[in-house]
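As recorded in TrEMBL:
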- B:19-29: compositional bias 'Low complexity' (COMPBIAS)
- B:111-295: domain 'ABC transmembrane type-1' (DOMAIN)
- B:1-29: region 'Disordered' (REGION)
- B:60-77: transmembrane segment (TRANSMEM)
- B:118-137: transmembrane segment (TRANSMEM)
- B:149-170: transmembrane segment (TRANSMEM)
- B:176-196: transmembrane segment (TRANSMEM)
- B:217-234: transmembrane segment (TRANSMEM)
- B:274-297: transmembrane segment (TRANSMEM)
Amino acid sequence: MATALIRNTENSPDDADNADHTVDADGTDVSVPYAARLDHVSKSFGRHGARQQVLDDVSLDVAPGEFVCLLGASGCGKSTLLNLVAGLDRPTSGTIETTGHCRPALMFQEHALFPWLTAGRNVELALRMRGVPRAERREEAERLLELVRLKEAHGKRVHELSGGMRQRVAMARALAQDSGLLLMDEPFAALDAITRDVLHDELTRIWRETNLSVLFVTHNVREAVRLAQRVVLLSSRPGRIAREWSVDIPQPRRIEDAAVADLSVEITEQLRGEIRRHGQH
Amino acid sequence: MASTDTRVTGNAGPGGPGPTVDTGTTGSPDALAGLEAGLDALETRPVARTPLGRMLLQKAVPPLVAVVLVLVLWQLAHHFELKESYQLPGPLDVAGALRDMWLEGTLLSYVWTSISRGALGFAASVLIGTPLGLLVARVRPVRAAIGPVLSGLQSLPSVAWVPAAIIWFGLTDATIYTVVLLGAVPSIANGLVSGVDRVPPLFLRAGRTIGATGLRGIRHILLPAALPGYIAGLKQGWAFSWRSLMAAELIAGSPELGIGLGRLLEQARELQDMSLVLAAILLVLIVGIGIELLLFAPLERRVLRSRGLLGNAG
């Protein structure tokens, strides 16, 4: 399966960038080896009678600056897991630690932007909640919108933006939390294929520029392989970690790349195996 | 457990960046930025607004025509004496009654007495109804306890409170404000409750993730999100306070209370002056519609338009 790794020599700045990421010169990384640590996490819903276990003994580390995709069919508890990490819910047993200085940022399938605020004000609200002084908010919001290449959208209302633009503003708002850990709950699932493809490129670029840790939930195998350094496959009902792959295909990748396709086939086989088990039961 | 997969991903484009697809593949920032700008441009449509002149024509002309039509029918009915002339004066008689009041200098004082009472009563209703609505919306036991009562009160005509209020407070301002409050507070509170109920849970989750919890969550997320429902409640609250005020003024009369439009109506009846009765009704109507048109309608339109909830956005 393994073949030689050839990097595009025309992109030397990008390569340096890449190297930077794997080494991670940041001092804090030595003392804290993870951005999020899930230790034997289980989660059940409902009372004793109709108790349903959604997550079963999930242990997972996300390293600082790492991009991890959680992959699974429906019923695997992906979204539950993200809610737990985001602090919106508590595990039934086990512990979850995050090392950022505030709550992890969370992006949803819907943009969840506030329609009563302009794009810029949405970002500024997150800055305000973080305690950024008023004088710096506007400038910082403009910097973040520029990072997602929407500088001119600052004064626009949410309904004036396209689906892709909304998700980019949502990304800027998530980055405004400056938490170091970005949780993404199928953020591109509702977009058309062209826009999704562009946002994959965009997310990869931003991730490499910002030293962010990303935990990305999806049911799209190709998307997972396109984006992640590590793909974690969850089984369904209850969600357990079935297997994981580290993806060493160099970024920037394309969803059409042969390497992406090959690994996707392998992961899909495994995923189908997991799903089949439920039919036999 | 981890299986590693390494692959050739070099672009086979011979000799430098090839055609357009290739530049995209290499993730060149410019290519991506250009692609994105193109997508953005394709997916956003310019919003055309109707020119002011045409909007006036569409919005103002039909009601004017309707008013003129009513006046003509009224004049005809008066002319052919469908009722005795003292029972059905013509439009000109009513206009005369208004002119007389204006010349005496009493017209504005009647209107002002009622409007200032209405405004004060409405303001007090907002101050009471808003926290009340918020409590009912957010605190489950409170909702269970007084939610049904609150919506029930809305269907109780507030005139029903006038006798009780007179027994409690006599013929004073307190009586009038009691009736106004009992009329307006439930609809303002209910408006806020339904506004809060219709806030998408996603907004609250998104708010919590950015750290807007507790009072900050209410101020920055819940209240702005509930604003459209709240404004609808305010609008209805105003209509209710105005109605209740007229009922209270009509029934509760005493020299200390001064003369508002409701009292004017009652005095005109005592004088059997139908022109004055109709003039007073007209004034009550004009103030009610005027406040709605000048204050609440633009406010509501602005809020809805800024959220893209107004149909004519494109």
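Even glycines carry a Cβ here, placed using N, Cα and C.
Quick caveat, the model's predicted, so the values are computed rather than measured.
Within the same chain, residues 143, 146-147, 150, 176-177, 180-181, 184-193, 196-197, 218, 226, 230, 233-234, 237-238, 241-242, 244-245, 287 sit at least 6 positions outside the transmembrane segment (B:118-137) and bring their C-beta atoms closer than 8 Å to a C-beta of that stretch. If one looks beyond the transmembrane segment (B:217-234) by at least 6 residues along the same chain, the residues whose Cβ comes under 8 Å of a Cβ in the stretch are 126, 129-130, 133-134, 137-138, 187-192, 194-200, 203-204, 206-208, 296, 299-300, 303-304, 307, 309.
For the transmembrane segment (B:60-77), the residues of the chain that approach it from at least six positions outside its boundaries are 83, 88, 90-91, judged by C-beta separation under 8 angstroms.
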